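Visitor: According to TrEMBL, the protein has these features:
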{"type": "COMPBIAS", "residues": "645-656", "note": "compositional bias 'Low complexity'"}
{"type": "DOMAIN", "residues": "23-496", "note": "domain 'K+ potassium transporter integral membrane'"}
{"type": "DOMAIN", "residues": "508-766", "note": "domain 'K+ potassium transporter C-terminal'"}
{"type": "REGION", "residues": "643-672", "note": "region 'Disordered'"}
{"type": "TRANSMEM", "residues": "21-40", "note": "transmembrane segment"}
{"type": "TRANSMEM", "residues": "60-77", "note": "transmembrane segment"}
{"type": "TRANSMEM", "residues": "147-167", "note": "transmembrane segment"}
{"type": "TRANSMEM", "residues": "187-205", "note": "transmembrane segment"}
{"type": "TRANSMEM", "residues": "212-234", "note": "transmembrane segment"}
{"type": "TRANSMEM", "residues": "259-279", "note": "transmembrane segment"}
{"type": "TRANSMEM", "residues": "291-312", "note": "transmembrane segment"}
{"type": "TRANSMEM", "residues": "324-346", "note": "transmembrane segment"}
{"type": "TRANSMEM", "residues": "367-391", "note": "transmembrane segment"}
{"type": "TRANSMEM", "residues": "403-422", "note": "transmembrane segment"}
{"type": "TRANSMEM", "residues": "429-451", "note": "transmembrane segment"}
{"type": "TRANSMEM", "residues": "457-476", "note": "transmembrane segment"}
Amino acid sequence: MDLEFGRDMRSPQRDSWKTTLLLAYQSLGVVYGDLSISPLYVFKSTFAEDIQHSETNEEIFGVLSFVFWTLTLIPLIKYVSIVLRADDNGEGGTFALYSLICRHANVSLLPNRQIADEELSTYKLECSAERTDKSRIKVWLEKHKKLHTALLIMVLIGTCMVIGDGVLTPAISGLEFSLSKDHREYAVIPITCVILAFLFALQHYGTHRVGFLFAPIVLAWLICMSALGLYNIIHWNPHVYQALNPCYMFKFLKKTRKYGWMSLGGILLCMTGSEAMFADLGHFSYSAIQLAFTSLVYPALILAYMGQAAYLSKHHDFYSNSQVGFYIAVPVVGSQAIISGTFSIINQSQSLSCFPRVKVVHTSDKIHGQIYIPEINWLLMILCIAVTVGFRDTKHMGNASGLAVITVMLVTTCLTSLVIMLCWRRPPVLALCFLLFFGSVEALYFSASLIKFLEGAWLPILLALFLMAVMLVWHYTTIKKYEFDLHNKVTLEWLLALGDKLGMVRVPGIGLVYTDLTSGVPANFSRFVTNLPAFHQVLVFVCVKSVPVPYVFPAERYLIGRVGPPGHRSYRCIVRYGYRDVHQDVDSFETELVESLATFIKLDASYRCSEASGAGDQEEERGARLAVIGSSRASYDIQDSVQHSSATSVEMTMTTTRRRSGDDDGSPGGGRAKQVRFFIDSHVVSPEAADSKQVAEELEALAAARDAGTAFILGHSHVQCKPGSSLLKRLAVDVGYNFLRRNCRGPDVALRVPPASLLEVGMVYVL
């Protein structure tokens, strides 16, 4: 079923103050867990280097100055003030930025693009298309295809580092226990493994329930942490506020030199979890996240770090490791944001055809986008336990986590600078200033993390390289398979001639033929009827495609059209999903599909009646006509001239000549296709069309086919390289892709096809 959205994106009204307060409270348990527990290990990781304390406390004050300005510049100014505003219909994260860029510039590598996708309600642009077309940056990006690939690789790097952080954050959080030295050696590892197993076992309950459970723990932690910090400031060193002067940062680097620069890898841990504010934006709201951070999280963190610095300024030989009653629960809370983010980002990677198929379970009936992926959950648990047992200390894991975090932030900075130019239409100088200012700060931390390659920083790089290889292999082979299908599709004339061939029969029921093509008859159907000379009474070619928007409203999800004349009973259905959507269950899909087909049959009859009374012969164009059933948008468009009408409910779209580059015909060239859109309101359907004998027979045939049952026809593919292919291509396709295909979920699981109704057609792809 289609679930409700957390917020109504059609009418983005300001939330009431009660709703904002509730969302801000709930965000504590999901968004700010990782950021809130950073005071547990920042000073400890920083002074793990060979830094000696002096009586002037310049080293301690220098670290505090770095922490204060880092928290102020990155989480407060960069994310809360700027990056959070770069949302995609209320959604945040790396894919939201990439989606915005792809809508404002033709840089997407995804196939199946159609001009009709631009009519979606969520496909909104920050400025008019005419104004966007004048951008030199846009023209330059669209001209160079290599930049499209580089942009996708940048997004995948950020994705891989987020997944790597999902492995490291629970492990490093779990090791931070308040145990004596005598008990630590033999107790910390088993206890950590038990807590990690408990944490991942909770995930199937969903982010909403787990986050609501953790919110009071984080709230209590922040209050106690800030109160303890205030006490330490007053009791030990009231003059610690002087360290907020940025001059102490330069004094620290000047005095400690190489070791001070290396210690920046520990200081950057103070902003771990900042990316979660943007990544989890869709679950809450901008005002809620801004309120929670500025009024509670940020002041509490500053007081906590100042209190630690005040205490350390009087105890140079001691690092505070005091007992806290709910200490063990806090690391569990701190890991929730990154685990939830890992589920979301892998689901988004699937929408880009960049990740093998996995089973996605929706965990909330009311909040859209909260998901759980079983195999990824248990794989993360195994990797977390392996890292915990293998590293055994927080220093090396802190180095690894720091590199993963700062890499994601660098990717976000680069993508946001493109959004400033392409989407917000700000001067390139402003985008360059944003990139240079925040990029230089993050590059400094990145260099300090990278220098610790042999001390743990190699782990996220290794994980990223492995994940990148998997994603690139899957994406490359998927695109090549699509191109193979495109060049081997059969003609409409071949399909229409099947009924005249000896021995070809139509059997009762509905046959849903799944294909990646938005036009034409796929090769797997020709293979099907070649081996079994029969096909169903009602034939529907179903294309499930992703569009560069976070969500597609249920009323705009289906594009319905005919394949051949009405008497052939063949249709095309294009099902559109956003990168945060989860596929419907099969019962809901069947019901909505049949209802949409019935509505289309009536409206198409009305259109044919109106067409018969007009001039011109458009018979050959009918196969390209598609209808959005249930759309509430209104316009009348003939060859780029747009005239708004009052109220309509169904859009009839016809593509007549050129398509945009990347469409199914594979034709080069740009520009908008010549198209004619007809809008027919449901209450103006002519009685002659609705009550005609032909419509009645077609509806009766549809109902009878539905009662007879539905069969799902999918291609079972085997991929192999052409003779003479390079060694790298053979390793990627013959070995890598086929291994992933055999050991991951099949398309029937991703499409939620019932096994009893599944018909698989063997297909060999020679790439």
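The backbone N, Cα and C atoms fix where each Cβ goes, glycine too.
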Visitor: May I ask for the residues of the chain that lie six or more residues beyond the transmembrane segment (457-476) and have a Cβ under 8 Å from a Cβ within it?
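Guide: Answer is 109, 152-153, 156-157, 159-161, 163-165, 167-168, 265, 349, 352-356, 387, 399-404, 407, 449-450, 732-733, 736-737, 740.
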Visitor: Residues of the same chain, at least six outside the transmembrane segment (429-451), with any C-beta under 8 angstroms of its C-beta?
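Guide: Cβ under 8 Å, 6 or more out: 70, 73-74, 78, 82, 261-265, 267-268, 399, 402-403, 406-407, 409-410, 413-414, 416-418, 420-421, 457.
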Visitor: Pairs of Cβ atoms less than 8 Å apart decide it: which stretch in 21-40, 60-77, 212-234, 259-279 has the most with the transmembrane segment (291-312)?
Guide: 212-234
Visitor: Taking the transmembrane segment (259-279) as reference, which of 21-40, 147-167, 367-391 has the most Cβ pairs under 8 angstroms?
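Guide: Result: 21-40.
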Visitor: Residues sitting near the transmembrane segment (21-40): Cβ under 8 Å, six or more positions beyond its termini, same chain?
Guide: 15, 75, 169, 173, 176, 207-208, 210-219, 221-222, 225, 269-274, 276-277, 280, 283-285, 288-289, 291-293, 296-297, 300-301, 304-305, 308, 330-331, 333-338, 340
Visitor: Is it true that the transmembrane segment (367-391) and the transmembrane segment (60-77) have 3 or more CB pairs under 8 Å, sequence gap of 6 or more?
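Guide: They are not in contact.
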Visitor: For the transmembrane segment (403-422), name the stretch out of 60-77, 147-167, 212-234 with the most CB-CB pairs under 8 Å.
Guide: 147-167
Visitor: Across the domain 'K+ potassium transporter C-terminal' (508-766), what is the average pLDDT of the model, as a whole number?
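Guide: Taking every residue in the domain 'K+ potassium transporter C-terminal' (508-766) and averaging pLDDT yields 73.
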